[in-house]
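First up is the structure itself, then whatever we jot down about it.
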Amino acid sequence: MSTVRFATTPPPGRGVPPRPPELPPRASRDAAPGTRIQWRGQARRVFAAILVVAIATWLVAPAAVRELSRTGSAGDLELQAAVTLAVFLAAIWGWIFTSLDDTLVAFLAATALIVSGVLPAERFFAALGDETIWLLILACVLAAGVGASGLALRGAAALVTRARTPRALAHASTAALTLSAFAIPATSGRAALALPVYRALATALPGRPALVRALGLLFPTVILLSAVGSLLGAGAHLVTSQILEQTTGEGIGFLRWLVLGLPLAVVSSHLTCELVLVRFTTRAERRGRVAVSIDDLARDTATPLVGPLTGAERRALAILASVVALWCTEPLHGASPAVVALLGAIAMTLPAVGCLSLGAAVKQVPWHLMLFLAATLALGTALATTGAADWLGATLLGPVHGLGAGAGFAFLLLVVALSLAAHLVIQSRSARSAAVIPVVVALAPGLGVDPAAAAFASTAAAGFCHTLPSSAKPVAMFAADDAGGGIDPADLLRLSAWLAPLLFTLIVAFSLWVWPVLGLPFFT
């Protein structure tokens, strides 16, 4: 037997190929790109913070010197206005680049204005008692009663189950969602009501993933776009009305908002419905038949969807119809919308008259939203009353004045475009209005534009916030994995690429030709 003369070193010519270097564990390989992304995000955050500090210093330091030396002249930025702009820039940085709650950021900004003497403390605390905040609180109580009665779900079922084609189903859903703006305030509340209906539709349409995905895109889109039909459709509407009242002496009431906003809500919602159908379903899919039964929608609810209205549903319908009728006839009786809402909320929570107890209704009020609205109202008022909005508008949009007769039209295009894109920077719709509307209102008169018309166009454009799942709560709710629609960010980007120019064209057209006929001319 031969002796093996090597143990670890192979003889010449009999070697094995060298082993490739070992790869690091998969976890560490996967972590590297994430680490780079995290580092880039941190770098952007730091760069933005440095930029905010630099701009704030550039604003405040000269204003402070002028204040101390009393050398200022007309048109110079005053110290209080400079401090307001600096604090607002910091708030925008907080909303964009930190994980802090939006309401907490607004509170921090308001506190900074109070400590610096710009915002009187009593004005900030009075914001929570503002009539617009109370109107929204009481409307939420009314909505809680309507939801508890089952009336809203029965109405949606009555429309949806009559559809026999995908197009009819989509337009019926669009109509139901548009009507819900008058029963349930705030887009997140309407999305919470519509989500179970969508899930039931997804279950009732097996083997139709394209149609289910199209409906999943349609529901939040219509919820956001149709909100413009009602003053209570979004908190941003109340912010706009309040800022107009603070600066011009006249806001936009429920009836006037209804007359101006409902046509745009209906047209934009149903055009968007067609857009979603054409872009996200095939012709063969649209020609197919659908059959959604009451049983499909009733699986996850204890509320009867057929037969005579229950006692609670009849009472809820009577109270809601009475409140909406009184809101629409305000010029006849003179009662403010908040007083009418108070009467309706009392009726909705009275034993044997209403549909639920006051305690149960109050628990459903989104107090977090109310606090945020109160804080943003105070911030928006500070921008308007300190002269910060006037200076900012004149500085940023000064070149528009040089366009002569075309300045007003260029201003309209710029306002609509910026308002459509603002959701990419500030996700909160109310915060966008608090930041943009004071500037728009301040600049409009100098360009021969009605401030209310410019503010309304900007607020209508702010309803577009569909680009990302995080752009709006309704979008996030329907894009979630448990929603059942299979929606991904690419679908939202694809929809936004078509929807943005459509809305831009619609809002410009309404501003120039439709709203003037309805009593709101864009040019003075």
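Keep in mind that glycine also has a Cβ here, set from the backbone N, Cα and C atoms.
Those TrEMBL annotations? Automatic predictions, nothing curated.
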Of 17-42, 173-198, 459-484, the range TrEMBL labels transmembrane segment:
173-198
Closest-packing stretch to the transmembrane segment (254-277), where packing means Cβ pairs under 8 Å, from 77-97, 173-198, 339-362, 369-389, 401-426:
173-198
Could you tell me what the rest of the chain brings near the transmembrane segment (339-362), counting residues at least six beyond its ends with Cβ under 8 Å?
134-135, 138-142, 144-146, 148-149, 312, 315-316, 319-320, 322-323, 326-327, 330
Of the listed stretches 77-97, 173-198, 210-234, 401-426, which one has the most C-beta pairs under 8 A with the transmembrane segment (103-121)?
77-97
Range from 133-153, 173-198, 210-234, 401-426 with the greatest count of C-beta pairs under 8 A to the transmembrane segment (77-97):
401-426
By Cβ distance under 8 Å, which residues at least 6 away from the ends of the transmembrane segment (133-153) in the same chain are close to it?
127, 180, 183-186, 189, 193, 196-197, 232, 235, 238, 297, 301, 303-305, 309-310, 312-313, 315-317, 319-320, 323, 337-338, 341-342, 344-345, 348-349, 354-356, 358, 360-362, 364-366, 369-370, 373-374, 377
